[in-house]
Amino acid sequence: MRFVIGLPFLWLGLFFLLPCLLVLAIALGTNAPDSVPPVELGFSFKSFALLFSDDLYLAAWLSSIRIAATSTLVALLLGYPMAYAIARTAPNRRPLLLMLVVLPFWTSFLIRIYAWMGLLADNGLIEQFLRWSGLASNPGTILGTEWAVHLGIVYAYLPFMVLPLYATLEKLDDSLLEAAADLGARPLAAFLTVTLPLSLPGIVAGCLLVFIPAVGEFVIPDLLGGTGTLMIGKVLWDEFFTNGDWPLASAVAVCLLVLLVGPIAIFQRNQARSLEKRS
Amino acid sequence: MSIASRDGPIVRIEGLTKRFGPIVAVDRVDLEIARGELFALLGGSGCGKTTLLRMLAGFETPDAGRLFIDGQDMTDVPPYRRPVNMMFQSYALFPHMDVAANVGYGLRRDGVKAPEIAARVAEILELVHLQDHARRKPSQLSGGQRQRVALARALVKRPKILLLDEPLAALDRKLREATRFEMVRLQEQLGLTFVMVTHDQEEAMSMATRLAVMNAGRIVQIGTPHAIYEHPVSRFVADFIGIANILALPEGGWMALRPEKITLAAARPDLPQSVSGRIVDLAYEGDRSLYHVATEPHGTMIVSTANTSRAAGGAFSRGQQVWLGWADEAGQRLEA
């Protein structure tokens, strides 16, 4: 019995905590290009110091946060009406719509991003369509721009925005909106004063679920973005595979983790507090 | 406009009909409600009373008929432009707002200035004895307190009509009885028109100045509680309100006879109508006792006696042969 209860902790310890500690240990080591693995363990903050001394890393950080934030905002603006519409349809039709939201998960993430490469490429389907329809006579290539990165992130993470939003909107009691209307609130006022504040937990959850992975995203900027798109996930990859600097790459990973744990912790505490209040 | 409408009824409904798919929820209802009435719509579940109330509030659009409030056609007016407010069965309090914000919500929507909102909210909270709870969230209140917040929120805009959907259903019995009197007091004090939906006949009888009994989407009888109880027009109404013995008349047709109008005696009573029978069942209810008496011509009849003395359990026992007697005018001839 005690073993069964301990199993999840064992799992977390082996496959989450231990790797994290390994990464931390590597980050504190020094680069040793000639040995295998190319690390000399130790207790040095050299790699961290380098992170803060070179503008490249700060620029990559800020650019990652900017791209993730705008993508999250776009995903919210797209996902909210979707979640709202699903929550408002007849209960027997909701499962179908929800299935459509998660349908992309049935195909590998990587393949879907490759598909976008084809769509966005020079003379790709989208460009051909724009020319054929006359919407733009000479559209530039989208692939390789930051637009493509935004598009990819919004596309890939939209379900993570829609699902938590749906979960809170679906619980919203219709009679609250009727009460608002009864007391003189036009539909927009009722939305702003009742629906929106009551769906705030879903907004926060959805934004975190999109923002956090988007900040560290590597595949999308690598495949859809160009050389001009600077994101911390790509920097990490380059340090590791191109430059072979394990400690520096690990230091980037540690910083990424620490910076993202902060907002998650705040969110968790707010969730716990609002649950306490409700009971 | 307001001068002309002062004298007319506050509510006039003409041929109002509402269908949900194949079901006719409200079927060609005509109704007038006078100013200052405490009007109750009474009926079982699915009789259309709630749909009728929701059409008054504007939450449902009628398929046919017209609806006038204070002389103005409101049939196609959205809820946020109607001079009525509703108290919901679930109370529908905004969980993210405190009591004062809930009560002031409607005034804010109307663009009333903040100091006036504060004053009016304070005044109405005092009226429902919640002045000390203004900063609490609905989740921190008891059921009875929530009910009073809902009432205050619906009253603060001084609506022409207050609509109440099963206002006491969520309260426990003791509190329900106290609240009944409290609501009648408020209604009289404020001089407002209340329209209340209830499935509880006791509630409707004790509170309403007039009530409409509904069945299958139609109003089957309208009248004062006394008229409905003593002069039911149909077997349905007689049976729905209180207990009634439905007797077949020798000349054809039916008569409703209330249990308390019947005299129960060991010997043949000196009354125009009498039958003999045997007590097959009895129920002691504290203030009264109910006897089920098997009679030859009328089957099992129900008789009640008031327990005015503390002598144990009434004078009659199961299996005993008894006589039932009543006056000629004790029963009500039914039309249907």
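Quick reminder: no glycine exception, Cβ is built from N, Cα and C everywhere.
Feature list (source: TrEMBL):
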type	residues	note
DOMAIN	A:61-267	domain 'ABC transmembrane type-1'
TRANSMEM	A:58-84	transmembrane segment
TRANSMEM	A:96-115	transmembrane segment
TRANSMEM	A:147-167	transmembrane segment
TRANSMEM	A:188-212	transmembrane segment
TRANSMEM	A:246-267	transmembrane segment
Long-range neighbours of the transmembrane segment (A:147-167), counting only residues six or more past its ends (CB under 8 A): 67-68, 70-72, 74-76, 78-80, 82-84, 86-87, 98, 101-102, 104-105, 109, 112-113, 116, 120, 199, 202-203, 205-207, 209-210, 213-214, 217, 220-221, 223-225, 229, 231
Distal contacts, the transmembrane segment (A:58-84) - CB-CB under 8 A, six or more residues away: 52, 101, 146, 149-150, 153-154, 157-158, 161-163, 165-166, 169, 195, 202-203, 206-207, 210-211, 214-217, 221, 229-235
Long-range Cβ neighbours of the transmembrane segment (A:96-115) (under 8 Å; 6 or more residues past either end): 82, 85-86, 89, 152, 155-156, 158-159, 162-163, 166, 219-220, 223-224
